[in-house]
Each structure stands twice: as C-alpha cells, then as structure tokens.
Amino acid sequence: MDCWKGAMCSSWIYPTLIICVNGFFSTMRPSESFLTPYLTGPDKNLTVEQVTNQVFPVWTYSYLALLVPVFLITDYVRYKPILLLQGISFIVTWLLLLFAHGLLAMQVVEFFYGMVTATEVAYYAYIYSVVSADHYQRVTSYCRSITLVAATLAAVLGQLLVSLADVSYFHLNAITLASVSLAFVCSLLLPMPQKSMFFHRKGISETLPQPDRVVAGLGSNTSSSCQGDKDCTAADTGPTPAQQAQQPEPQHHVLRVLVQLGKDLKDCYSSRKLLYWSLWWALATAGFNQVVNYIQVLWDFRAPSHSSAVYNGAVEAAATFLGSATSMAVGYVKVNWDLTGELALGVFSAMDAGSLFLMYFTNNIWACYAGYLAFKACYMLLITIATFQIAVNLSMERYALMFGFNNFIALVIQTILTIVVVDSNGLGLGISTQVSQITHTALIFRHSLQKRVLIEV
C-alpha cells in the first residue's frame, strides 16, 4: 500500500495516466471510418456531391481559421482549458451528427470538428508542463502509443460491429459519443499546470531557448523543470513572491514573447536545410490530409455503400498498423539519414505518387484499398524521417514552434487545393479527378524540393 501511495505521489504518474486515458477515449471513435456512408445513407440523406463539395471543405476552412489563435491561446491559458474545449467540441460534434439533419447542420458539424482538430495540440503539449524533463521521452511514448492503439481498436471494433453484428451507423455514432464524453470527464480530472512552453516559463525573465539545446523528446537530460522525483510537481507549485515581483506587466510580456517567437522562426528558417525539409513536410502533410479527408468518398464512388459490403474499418485499422510499424522501423534502422534521407525521400515519394495513380485509374475497390495502405505507410515513414531531420538540432520549444508553423503552411496549401479543386464555388471536381490533381501537384512540388535538398547536401 505504501508503495502504491509513493507511486501516485510521484510527479509524473498521475497526470500521465489521466492524459493517456483521455487520449484513448478521445481517439476511440468506431464510427469515424463510416462517416461518408452514414451521411449519404438514409440517416442524413445527403448526396455524394453535397458531402464532397459542400460539407467536407468546411472542416479545412475552420481548421485554418482556428489553428493559429488556438495554438497561441493554448499556451497562454496553460493547456487544460483547451483540453476541456476539445472535449466539449467532441460532444457537440457527435450530438449534431446523431440528431441534426440537413446540409447546414452537417456543415456546422464540420466546423466543430475543425475546432477538435485545432485543439489537438494541447494533448501532447500538456504533459510536458506537468512532468520533469527526465520523463519526456517516456511519457511521449505512452501518449503516442495509446492513441495509435485506440485508433486501431476503434477501426476494428467498428468493422466487427458493422459486418458481424449488423449494428447501424447511427448506433456506432452513439458509441463514439459515449467514448468522447468519457474523454471529457477525464480532462476534468487533470491537474492545472503552473507553467507553459512560451508564455509561462519557469523563471519568467529567461529568454526563449537557443538552438544548441537538443530536443528533450530525444532523450536530453540537460534541462529539468524540477530536480528528480522528490515531491516535485509542476502542477502544484507556482512562482515565488520574489519572481512575481520581477514579472513584467502582462501585456508587455505577451508582446515580448510574440516578438521572440518571430525571431526564433526567422532563425530556424535561415537554415536552408531546415527550410527545404519544412517545405517538403508541409506539402506532404497537405496532400496526406486531403487524401484522408476524401478517401471514404472515393471508396463509396468505387463501391457504393448502399449496394456493396463496406470494409472501411478494416482498411483503416490495417493502415494505422502499417503506418505505426514503418514509423517505428525508422528508429531501429541503423543508417545515416543525413546521407540517405534524400534518397528515401525520392523513392518513397515516387511510391506515394504511384499509389495515388493506382487509386485514380483502378475501378477495383480492393486495388483502391491496397493503394491507400501503401500511401499511408509511405507517408508515415517519410514524415518520421522529415520530423527527425527538422528536430535533431532544435530545442523542444523551437521544434514545437516550427511544427505549428509548418502545420499552418500545410493547411494553407490544403485550403488552396480545397477552394480551387473541391469547393462547389470553385471547380467542384469529382472525387476521382481530385485524386489525379493532387498527384500531379504533389509530384511537381516534391520533385522541385528534392532537387534543392540534394543541391544543399
């Protein structure tokens, strides 16, 4: 019993356990693999064209509009309020999916889902504010692993319920609502951090970190928010009265932090290698998000859900597993990625493009499934390499800043693609033609960036 109490009093176990349970239930969404059949079926009775050209684009627009303010506010309010906001957004999203009807209602659903996606940054950032740097690598592994496990289990559960138990899509969404509600309850139990990465740093007068500090997530033990595990918890201790007296006025401090963030971004992107890898990261992520956002529509086009068996859940489970396996493989392969990263970039980018062409030209749903599996596995491998190339010489704070900005650029590119190619106010192209346009655009930009990266090396 004493051992149990001692373990629970450790600074990192309780918040790590709660945030992992929160991550599990928020990712445990068995209905997500069947969203398009649900929207185009008798429950919502929308057409494929409405879903493709008028409903799904709203997610991209809301995500872009919310990303930057949420990124900054998340740090300013110290994460937990944003996790609560995410939980509320999850619940509103699935309540509307269950009980609202009509095109406008489904567009509102996509807006709230954009809020959910924009607030995801709080999930990973929170844990670094309540544990010591000694445990960063371990808790990062736990937080990421639990979401991958939950996503795989959700897809498998959804497929089994649909195929074997003949559960309706409506009831799948009811199960998802229960899961995200439990995630919201877990977020209420999280301790409130007293520090954050940018606006509420421990020792408020210190400047943002210099690039010679290594990313803590890669195992650095040089910096720590507290000494060891002896009764130190960042969630329970605040600045001393002397520190409070030295703090600048809030508005001046916010301005100073924003200016410093701008300088840090400029310093990071002054490296051509980081700039080119970041551009590739943004382009690849934009294309990946666009494909994932509309892949169910393509599957429904190849094999209409009202007249064919639907295996979306099984395919998503397999894709998640393959993506996780390829990402983990990067960490175990003993190669010099500085020398071979560009070769891998070229080879697997070509494979990515080939899988998209396969999905475009084939009329066979199984070939389309296989193309998606190859596409996601290659992307996960490449994005892991790119992330390492960007993060290897940066502090955790600068990496988080670059990650957020690269994600913003990716979203801008995706929004341009959506406005021009997908939106009914633009070209409003069919789903098959969209895949072709994404492939051509990705090939042009990736080939250009690959040449520049090779020149730099």
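Every residue, even glycine, has its Cβ placed from backbone N, Cα and C.
Here TrEMBL flags 234-249 as compositional bias 'Low complexity'.
Taken from TrEMBL, the feature region 'Disordered' covers 220-249.
Summarising the annotation, TrEMBL assigns transmembrane segment to 12-28 (among others). Within the chain carrying the transmembrane segment (12-28), a Cβ under 8 angstroms from the stretch's Cβ atoms is held by residues 83, 86-87, 90, 123, 126-127, 130-132, 135, 139, 142-143, 146-147, 149-151, 153-154, 176, 179-180, 182-183, 186-187, 189-191, 229, 235, all 6 or more beyond its ends.
Taken from TrEMBL, the feature transmembrane segment applies to 58-77 (among others). Note on the transmembrane segment (58-77): residues 107, 110-111, 113-115, 117-119, 121-122, 125, 196-200, 254, 258, 293, 404, 407-408, 411-412, 414-415, 418 of its chain, located 6 or more positions outside it, place their CB under 8 angstroms from a CB of the stretch.
TrEMBL lists 84-105 (among others) with the feature transmembrane segment.
Among the features that TrEMBL reports, transmembrane segment is placed at 111-131 (among others). Counting only same-chain residues 6+ beyond the ends of the transmembrane segment (111-131), those with a CB under 8 A from a CB of the stretch are 11-12, 15-16, 19, 22-23, 26, 58-63, 65-67, 70-71, 74-75, 78-80, 82-83, 85-86, 89-90, 92-93, 96, 139-140, 143-144, 190-191, 193, 195-197, 216, 225, 233-235, 396, 400, 404.
Taking Cβ pairs closer than 8 Å, the transmembrane segment (143-164) reaches residues 16, 19-20, 23-25, 27-34, 123-124, 127, 171-172, 175, 309-314, 316-317, 320-321, 324 in its own chain, all 6 or more past its ends. The transmembrane segment annotation in TrEMBL covers 143-164 (among others).
Residues or ranges marked as transmembrane segment by TrEMBL: 170-192 (among others). With a cut-off of 8 Å between Cβ atoms, the residues of this chain six or more beyond the transmembrane segment (170-192) that come close are 14-15, 18-19, 21-26, 28-32, 34, 38, 43, 78, 80, 83-84, 86-88, 90-91, 93-95, 97-98, 126, 130, 158, 161-162, 233, 235-236.
The transmembrane segment annotation in TrEMBL covers 274-297 (among others).
Beyond the ends of the transmembrane segment (309-331), by six or more residues, the same chain brings 30, 32-34, 37, 148, 151-152, 155-160, 162-163, 296, 299, 303, 369, 372-373, 376-381, 384-385, 388 to within a C-beta distance below 8 angstroms of the stretch. As annotated by TrEMBL, transmembrane segment applies to 309-331 (among others).
According to TrEMBL, the feature transmembrane segment maps to 343-361 (among others).
The feature transmembrane segment is assigned by TrEMBL to 373-392 (among others).
Taken from TrEMBL, the feature transmembrane segment covers 399-422 (among others).
Stretch with the largest number of CB pairs closer than 8 A to the transmembrane segment (373-392), among 274-297, 343-361, 399-422: 343-361. Among residues of the same chain six or more beyond the transmembrane segment (84-105), those with a C-beta under 8 A of the stretch's C-beta atoms are 26, 31, 38, 44-46, 50, 54-55, 112-113, 115-116, 119-120, 122-123, 170, 173-174, 176-177, 180-181, 183-184, 187-188.
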